[in-house]
């Protein structure tokens, strides 16, 4: 579909040597805009959905003053943050202080380039797409470290140390989870990983959701979800910005849009972790059952529903569990999740070589 649009645009332009030079660059810019505008809208309205859902769970009203049912609240928040003064501490490293938020949000946005929204709907259909996502998202920790160091504050630096240790620790468990999915799917291409979940005995009998990876890889799925919460520094793993100890962690010296960019990166990472869970474990754009009454629903709607359910799980966890101590978080990552995922890796390898291989 993306290639067809590119060729159609090429034919509409007048001929000439410059067309072959200008259109590819213009096409790249159009794809970037087509990705960023909906993503920024989704990130903005995720903040509203979180506040509304938390209000429902805590038996109170969420934001309901700006616009009908509070639907314009994210726009009001954005305008408020845009008009706030950006203050830099006098002892801060000015260049690095500005670079920190940029380094935090760039990987969270760049990884979306290889995310497929349908069998032929992806900005870049890369064969090693899952590996590329892992590589890009691992850079995000540098933004946190730079922000903590450049602020020249003990609270910011301590928060950055906590964040970097936590993110690196849970990246290992998440990496093993993704490796298991790659093994059973036989590919690192995200489109092929989704299509591989449409095969099997259950899918052949029209019960597609039983052939998705969430069922045979249930322990791996649970580890991935919990590691995703920790990786994005969300509650109850948000000791990075523990208000009672270090105020706001590595963001303590930031104000205005500098502060907002860190939150945009956090919510963009939530969407990314959620859509990866939908693609790798929940069948992506595949419908749950093979029914004629469901064929009219586009695949991207199924993918959106599954992604929203996973995102809502993030919010439900925030409303339910108390914050963990830092030593408990490290113990969970190193002493429980990594051994469990290593054991699952060995079991999955033996399962693939056995006569009971269900992924043939």
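Every residue gets a Cβ built from N, Cα and C, even glycine.
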Choose the correct range: of 59-79, 206-226, which one does Swiss-Prot annotate as transmembrane segment? Give that range.
206-226
Interface-richest range of 20-40, 95-115, 176-196, 261-281, 297-317 toward the transmembrane segment (130-150), CB pairs under 8 Å:
95-115
Leading stretch by Cβ pairs under 8 Å, where the reference is the transmembrane segment (95-115) and the options are 176-196, 261-281, 297-317:
261-281
Tertiary contacts of the transmembrane segment (297-317), as residues 6+ beyond its ends and Cβ separation under 8 Å
46, 49-50, 53-54, 57, 117-119, 121, 225, 229, 232, 234-236, 270-271, 273-275, 277-279, 282-287
Non-local residues, at least 6 beyond the ends, that sit with Cβ under 8 Å of the transmembrane segment (176-196)
114-116, 119, 122, 125-131, 133-134, 213, 216-217, 220-221, 223-224, 227, 279-281, 283-286, 338, 341-342, 344-345, 348-349, 352, 359
